[in-house]
Amino acid sequence: MASILFDEIGLLYTGDQTGGEEIASAALVVEDETVAWVGPAASAPQADRRVDVGGRCVLPGFVDSHAHLVFAGDRTAEFVARMSGEQYRAGGIRTTVAATREAADSVLAARTAALVTEMLAQGTTTVEIKSGYGLTEEDERRSLEIAGAFTEETTFLGAHVVPAGVSTDDYVRQVAGPMLAACAPLARWIDVFCERGAFDGDQTREILSAGIAAGLGARVHAAQFGVGPGVEIACELGAASADHCTHLSDDDVTALATSGVVATLLPGAEFSTRSPYPDARRLLAAGATVALATDCNPGSSYTSSMPFCIALAVREMRMTPLEAVRAATHGGARALRRDDIGVLRPGSRADLAVLDAPSYVHLAYRPGVPLIHQVWRGGRKVA
Ligand code: NIG
Ligand code: FE
């Protein structure tokens, strides 16, 4: 068994709220793919190899629990129009659907690979990838096949929007029936865009229930444009996560806090659609588990950067740097119901981000600066 001692860690953020969440002058030992030991450098055990971290900050690799990476084309013109005052609408998704259906498998796979590589270089060691730009049985299936080459966290999002030329009732029947049957073997999760212009509460319930019956875990795009039924349905069906959570009623906040459904906030979407940010403080005060994710997609949030989302969370949503980093690591892992990532404790997967900075605070304090020095995934240096 090969072991590595990461020594001279200026500040180790373990994310382990049961142990020392932050350890100054720390060390960490990895054995093969797994963390074997964390603690003060002075009492570190021996290992086969030593990596001198040079006083830098080490934290768990980011867990980006919400991303739409399998698509072709872009929506530059839509972005430019929006920055001149146009409103963001769900209908723009159909532009990307048309481009994605036209694209060869090899093109889609190469583009997905490029985004995953971009993410890795920015410290993301786990990413959830959704389908949702195919919207036919065949195109959703191939999106999930491509996604599955990059992550085990694959999500069937046939219910992204109703495609052009199909009636809503027919499409809901198709998604909950044959499309789900074709896609379920390739997915871990099912998601629905529950919003005006996409799917209403009854349709969302029907599609998610069918997915759960097919063995998938549920997650929901909820409350992006206005208060709606998405959060309530997520809590009622035991979804892992309700995502966006930009417009919440008091009942929604209470339901999130008491059900344990993770509230996943996607501030890149508010940034890129010039919309008001979610009220993170209200969720945290109620005791909800908050995750941060990029929502990387060509329409509402074309960023692959978790450090950028952390900076937005701190500046725009008044999360403390510690809360934001916790939400980008442990929070994302909770949103994916994973215990082996998002924390650095003995037994965790050895996914580390080494910052070119003495503290994780710099992720928000030095926005836009590439601070990722090294990335290790499963005990191997990957960036
Ligand atoms: O999470 N809201 C639904 N889906 C994406 C946007 C997709 C698009 O505009 O292409 C989101 O923001
Ligand atoms: Fe999304």
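Using the three backbone atoms N, Cα and C, a Cβ is placed for every residue, glycine included.
Keep in mind that TrEMBL annotations are predicted by a computer and have not been checked by a curator.
Matching Ser3, Ser300, Ser304, Ser305 to the 4-imidazolone-5-propanoate binding residues that TrEMBL gives (Arg75, Tyr133, His160, Gln224) identifies Ser300. Cross-referencing Asp295, Asp339, Asp340 against the Fe(3+) binding annotation in TrEMBL, which names His66, His68, His221, picks out Asp295.
Counting every protein chain shown, 25 other Cβ atoms lie within 10 Å of the Cβ of Gly299 (N-formimidoyl-L-glutamate binding site). For the domain 'Amidohydrolase-related' (242-365), residue counts in helix, strand and coil come to 55 helix, 18 strand, 51 coil, using DSSP.
In this structure, none of the binding-site residues Arg75, Tyr133, His160, Gly299, Ser300 sits close to ligand 2 with a C-beta under 6 angstroms from any of its atoms. Neighbour counts of Cβ atoms within 10 Å were compared across the binding-site residues His68, Arg75, His160, His221; the minimum falls on Arg75. Long-range Cβ proximity for Asp295 (Zn(2+) binding site), meaning a same-chain Cβ under 8 A and a gap of 6 or more residues, is found for His66, Ala67, His68, Asp243, Leu266, Gly268, Ala269, Ser301. Highlighted here are the binding-site residues (His66, Arg75, His221, Gly299) whose C-beta falls below 6 Å from ligand 1: His221, Gly299, in sequence order. Sequence-distant contacts (6 or more apart, same chain, Cβ under 8 Å) of Ser300 (4-imidazolone-5-propanoate binding site) comprise Tyr88, Gly268, Ala269, Ser272, Thr273.
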